[in-house]
Amino acid sequence: MSTKKVYSFLSQAFIFSAIMLVSNIIATHLPIPMPSSVIGLVILFSLLCLKVIKLEQVESLGTALTGIIGFLFVPSGISVINSLGVMGQYFVQILTVIVVATIILLAVTGLFAQFILGKDDKEIEDTKELKVVNKGRKHGKVA
């Protein structure tokens, strides 16, 4: 029988609200503009990794919010539509920034992936070489 504890909607909402309150306070005191939602995600991720908050404590509300995420983006979409006049004036600049940022993002992601994969391949090769050397020593052969 499962002993998984079910947390109430209210307790989960309190956890999310407390994290958002703290992230709003942090965002107002930072010297650079940073969205409080990003700070909140970092705080939530950190608390989950450090096991201060258990996944069960926020899982069902998180799943519910993920289910309605499209609805949550409606206000952002409306504000973009309201800004089409401004965006039309700077279309070339906006398009240039989007294309350049996308290329930089792809390049950095690719280089980082190659670095990580190359590091793993080198560790595998080093491990294989070490096994061959150790195997030779067992049989009285020195490499």
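Here the Cβ of each residue, glycine as well, is placed from N, Cα and C on the backbone.
What Swiss-Prot records for 6-26 (among others) is transmembrane segment.
According to Swiss-Prot, the feature transmembrane segment maps to 30-50 (among others). If one looks beyond the transmembrane segment (30-50) by at least 6 residues along the same chain, the residues whose Cβ comes under 8 Å of a Cβ in the stretch are 16, 19-20, 22-24, 58.
If you look up Swiss-Prot, you'll see 61-81 (among others) marked as transmembrane segment, on the strength of sequence analysis. A Cβ distance under 8 Å defines the sequence-distant neighbours of the transmembrane segment (61-81), meaning residues of its chain 6+ beyond its ends; these are 9, 12-13, 16, 87.
Beyond the ends of the transmembrane segment (97-117), by six or more residues, the same chain brings no residue to a C-beta distance below 8 angstroms of the stretch. Annotation comment: Swiss-Prot describes 97-117 (among others) as transmembrane segment.
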